[in-house]
Amino acid sequence: MTRPLVGVLALQGDVREHLAALNDSGADAVGIRRPEELEKIDGLVIPGGESTTMSKLLQIFELLEPLKARLRDGLPAYGSCAGMILLASEILDTRPDAQHLGAIDMTVRRNAFGRQVDSFESDLEFEGIVGDPMRAVFIRAPWVERVGDDVQILARVPESGGAAAGRIVAVRQGSVVATSFHPEVTGDRRVHELFVDIVRGV
């Protein structure tokens, strides 16, 4: 599999930016809006956006159950920000009727970093990614409060991060990766390259 076909859930969020990042990272990228399109892809990116709205859209577009089934069957997935929330097994501070995918054994606190005006940037050390620290952009972002035994912690907010210091902001469980930040907006392709490598290896 030289250039895997990776879908980007095209309901909300930075869809174009993720498509460009995946194409730059060695994948052929395509937007996903219909259940039948899930059958053709080798991996899926779930972009940022508003997680409760995205969960409603997944149901409206009849994608929720087919996507859960594909994830259970081992479809590699990467979620950023709201995508991380949707991939979690437990979500704090969300609507009681919000649906999620449960692909990573973790508890996520929605909007943990505060409102849009509280958005910030930080340099992170990211497990499995070499080179300079990764510049991470957090926009009304979640953080991870608990991970299961099979979940690998990839990045935390550094000690210089104030009240958020030490918070978990990137994880991996098997072939599923999630970050609370938005690598698609910085031009740093290393998270997308890591994910494309995971897709190739499955």
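Including glycine, each Cβ sits where the backbone N, Cα and C put it.
From the candidate list R70, R72, R110, R167, the residue Swiss-Prot records in the L-glutamine site shared with G49, E50, S51, I139, R140 is R110. Candidates C81, H182, E184 (active-site residues) were compared with R110 (L-glutamine binding site); those inside 10 Å Cα-Cα are C81.
Over all protein chains present, the Cβ of E184 (active site, charge relay system) has 28 other Cβ atoms lying within 10 Å. E184 (active site, charge relay system) falls within a helical segment according to DSSP. Closest to E50 (L-glutamine binding site) by Cα-Cα distance, out of the active-site residues C81, H182, E184, is C81.
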